[in-house]
Ligand code: ADP
Ligand code: MG
């Protein structure tokens, strides 16, 4: 789960980490009120969307010369003008894709006199099973570009979670950023605090870009992105409350309400499968037959008829779906339950695309009987390969 910059900064602040003062705003009036609470005379108005690259982004509705999603404002009137231009408009950045994201929230924050910009991130590194700290002197840039063009400017420090953060980790980070004197000490302290925040909040990723050295020699977190392990959210009700569903794919939000693991993809063949492994295999075999899956969907082991119906509806809401492949192995879940769900859902939504069903396992004969007697044009398949071939052929034929 992701949160907005201003929310992430609140969390960091609670861990004693220095961030510029600022306030979130949903309206132009709130943005002005937020600016009035700050000392000035330099303010920064920042679009709050779950995507980076806002500074270099552009608004769809504004001219090409208009400023991006991070704007320096020299007066409260400028803050007001910027807020008017940004709120409700669509910001396109390298991370949003061409469709962009509507800006519904702003963050009005203190303008900082920057001496240098650095990069510092932390993430769970699955390869080592440890927390990796990634530091670079090339702050304020796209880290992907730095990694591509000048990989020697990126230092990775891994921390064994059993041992925890040690003073030498802090020294290594400060050294990687080339800091000396008081800043070096401040950086060591910051790295330790960040590790504390990262582990106690069950983060998946915590990125600071840029971390800045100010003209008066302070280290400040100017921009941050945080994402959290969804499986640990029950331990953090406060973070759960920060969820902004308008930033998420509506189909994925709906799926999570039914406890379905659904991820939207770019293809045209909808998949409903039980078990993540079988879902992956199903997607692979669709590709092997020359088509692309429209989604990943794991209905889980113990799905009910209601769950199957919901899954069906979610798949069909995607206008790109031209056919559906249901691939169920009835182990815990019985084939007749699935068949009931499929028939009920197909009738309810007036199914207008080809549907191929492959059932195997407990009560398979009963399940197939339900499908055959449904009066619906459901194509039955015997195995995974057969099912994929059939759905690809059906979709081609329908086109
Ligand atoms: P994004 O990464 O989405 O573009 P940032 O918050 O990193 O957004 O802002 C982009 C750039 O804008 C920063 O690299 C920094 O140079 C400048 N900037 C951001 N916040 C401030 C601030 N509070 N004061 C001064 N400059 C800022
Ligand atoms: Mg940034």
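One-based numbering along the chain as shown.
Even glycines carry a Cβ here, placed using N, Cα and C.
Keep in mind that TrEMBL annotations are predicted by a computer and have not been checked by a curator.
Worth saying up front: this structure is predicted, and the values here are computed from it rather than measured.
Among the features that TrEMBL reports, ATP binding site is placed at 46, 53, 54, 55, 112, 117. A coil conformation is recorded for residue 54 (ATP binding site) in the three-state DSSP classification, outside any helix or strand.
Taken from TrEMBL, the feature Mg(2+) binding site applies to 209, 223. Non-local contacts of residue 209 (Mg(2+) binding site) by the CB criterion (under 8 A, 6+ apart in sequence, same chain) comprise 52, 119, 120, 121, 139, 140, 143, 223, 224, 225.
Annotation note: residue 274 (substrate binding site) sits in a coil segment as assigned by DSSP. Among the features that TrEMBL reports, substrate binding site is placed at 274, 331, 332, 333.
Per TrEMBL, the feature domain 'ATP-grasp' maps to 9-55.
Of all the binding-site residues listed here (55, 331), it is 331 whose C-beta has the fewest other C-beta atoms within 10 angstroms. Taking every pair among 274, 331, 332, 333, the residues recorded as binding substrate, the greatest CA to CA distance is 10 Å. In the predicted model, the domain 'ATP-grasp' (9-55) shows an average pLDDT of 96. In this structure, the binding-site residues that sit close to ligand 1, with a C-beta under 6 angstroms from any of its atoms, are 112, chosen from 112, 332, 333. Among the residues the record lists as binding ATP, namely 46, 53, 54, 55, 112, 117, the two farthest apart have Cα atoms separated by 19 Å.
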